[in-house]
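S.K.: The following block contains the structure, expressed as structure tokens.
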Amino acid sequence: MEMKPKYDPREVEAGRYEEWVKNGYFKPSEDKSKETYTIVIPPPNVTGKLHLGHAWDTTLQDIITRMKRMQGYDTLYLPGMDHAGIATQAKVEAKLNEQGITRYDLGREKFLEQAWDWKEEYASFIRAQWAKLGLGLDYSRERFTLDEGLSKAVKKVFVDLYNKGIIYRGERIINWDPKARTALSDIEVIHEDVQGAFYHFKYPYADVEGFIEIATTRPETMLGDTAIVVNPNDERYKDVIGKTVILPIVGRELPILADEYVDIDFGSGAMKVTPAHDPNDFEIGQRHQLENIIVMDENGKMNNKAGKYEGMDRFDCRKQLVEDLKEQDLVIKIEDHVHSVGHSERSGAVVEPYLSTQWFVRMEDLAKRSLDNQKTDDRIDFYPQRFEHTFNQWMENIRDWTISRQLWWGHQIPAWYHKETGEIYVGEEAPTDIENWQQDEDVLDTWFSSALWPFSTLGWPDLESEDFKRYYPTNALVTGYDIIFFWVARMIFQGLEFTDRRPFNDVLLHGLVRAEDGRKMSKSLGNGVDPMDVIDEYGADSLRYFLATGSSPGHDLRYSTEKVESVWNFINKIWNGARFSLMNIGEDFKVEDIDLSGNLSLADKWILTRLNETIATVTDLSDKYEFGEVGRALYNFIWDDFCDWYIEMSKIPMNGNDEEQKQVTRSVLSYTLDNIMRMLHPFMPFVTEKIWQSLPHEGETIVKASWPEVRESLIFEESKQTMQQLVEIIKSVRQSRVEVNTPLSKEIPILIQAKDKEIETTLSQNKDYLIKFCNPSTLNISTDVEIPEKAMTSVVIAGKVVLPLEGLIDMDKEISRLEKELAKLQSELDRVDKKLSNENFVSKAPEKVINEEKRKKQDYQEKYDGVKARIEQLKA
């Protein structure tokens, strides 16, 4: 297969993915004797297109799956998408609002039709993006969290947990999103520090002079106050416990009660109790059997319990209420106060603690089982391990999970209420006399169905499902550390509860993709990067390799166009190295022609040794998910060892007349390049397939080729030391040429004073490499080389490298040239020093600019020191 002179990712990638899918390369093996390896994709939300975080996530999964397939596993990489209840509903509602329509105008059924249309549109976008990324997914098994099979699983789980008493319906304080008009779980609330105020009010005693001072950050909730509490041990209030105060504005009498919850040392030591609008107040209210007065509606507006403030937005009510209290001289003081305020993760609205009847999951026993499991052989391994502590901590402090949502898009709760008796029926099927029942209108939290993803996608609850029996538990979960609580923890406790096994063996957690300056990528900052744009510019292989190797497990990744471009340059280097190799291997060279038992040269032995070392390193690091280190190992071997050294060294036999040696070199080139392609394939699937198809190969695709294995018979330890000596000598000669301003094209005499006879013999046997890379007019290698008076000498491991200077350069002219260069460098150093010592510049210039100046100074100083040393050497 022809390779064009220049690497063009568009040409390389065009049609390749479609060919892989069409030929069924990503389907599991039909050989059931193979060990299985399963990854289920973390389902992206159908709210929109994939971002760089998704690209990173799925690239890592695809790398692991491709590698395991090559290692002989029966692999399944299962695709799917999440309905993303609140997020998708918000998108669809926003689209309708543009047309002046609300979901209530349409009604539930018509609205859901719109939501399904949205899902289909964005699902097709997502599949197209998966294809561009080259993900080896088995589309015949694609799942969606609202499809029939998963809906069946959701109903069974809900009903089973309800029957066990783990799911219950109750009235509690929940997090209410007044914009989305739905309940939220604790982890869907983002806490942000907000500049607010502490309002100190007078609550007058009902039957005596005086008042109790009460402080609050939410004055609007006082309209729902039902008591004042003080600590029974607080001497200040001993005489007033049991008395009453008048609730300002409202005029309602509130009892003064004793409760040890109150902190004597905080504020006045007295606090108001609003059971319907604060979780702690609710608990106090339960203990003292207080009335629950809800003063807001679901939109965050004051209701008819708020008196004259009815219909006002909660924050407008706050302002007006404070003004009214001022008029009645009931405001003691208002203090500025920065405090943590909960915001909806999805809508951004300030979350309201709100008394509501919802469905909950009782978490204590589920959490305990998850924690206990981590002490058994069935434990889940976290990468990095520190996240296991994060998981354990959360499980130890978990609260009951609010699972009902006041939405239409999602799994409708399988609970019905009898129209006459109010009886609750919970079941996988609707009641037979459905006309007498009304189904609960709420839907389940999106994460409820996502928590079942590893087993529901494989056919559960059908325990006889072939996929469930063969591919569960899954092997690895790859996801961001930001959803340990949302998703990872919930999959673990649901997996243990319903399958009695961990849902996955390993959890590999990565960080967030950040902008180059370290800030989070966001629409508001305008610093987001579309992965498809990157692919259009540099190709999928460049993006994949950057994402996979640019960070270590658990750490964030800074996106850098420059680094993606450097990967593109790396692929170009690979492409050019492959083209050279293929031209020398020849079209007639076949797999069976590869013979590594012949007369291997030093370069052959060395590159085969380094190849085997790299195979061992890459395999070991990949098993630990250390793909950043894998990237470095591959880069160093391919760029430095193979392309820069071996390919150049292979030109010696290939340009010679020894046909037997040429055939050996062809074998080594072919074998090494083939193994490089196999190691690179999981990272760069497109370009490796293209090059591999051009190489002598067996099989129809590199996708199904075997993973490289270490061959002990092709490890020649002694070659490494000899090659190290040669490379050091070559680098020394080239550096000396630069220092005396003599180009490589000019032949010069070179002397090598070997440290001992053994080294002399070794270097003499391999002098062809020194001649090729150093271009000497004469080359003298000996233990007793006489070093001329005027010479440039470098000490190396093998001895000394000597360049006689007599007749090579005009010493006086060279010293004069170097002194002028030194003066220029001194001038540049002075300029940079002046800039960096200028306080005005340092205080105003961006950090990037200052760092660039510091880098320049370091470069100039190194050059200055080098030139000065050369002058001193020449003068000596």
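Cβ from N, Cα, C; glycine included.
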S.K.: Among the residue ranges 44-54, 231-241, 660-670, I'd like the one that Swiss-Prot describes as motif ''HIGH' region'.
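M.R.: Comparing 44-54, 231-241, 660-670 with Swiss-Prot, motif ''HIGH' region' matches 44-54.
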S.K.: Examine the ranges 310-314, 520-524, 835-839 and name the one recorded by Swiss-Prot as motif ''KMSKS' region'.
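M.R.: Matching range for motif ''KMSKS' region': 520-524.
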S.K.: Going by DSSP, how much of the motif ''HIGH' region' (44-54) is helix, how much is strand and how much is coil, in residues?
M.R.: 3 helix, 1 strand, 7 coil
S.K.: Along the motif ''HIGH' region' (44-54), what average pLDDT does this model show?
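M.R.: When the pLDDT values over the motif ''HIGH' region' (44-54) are averaged, the result is 92.
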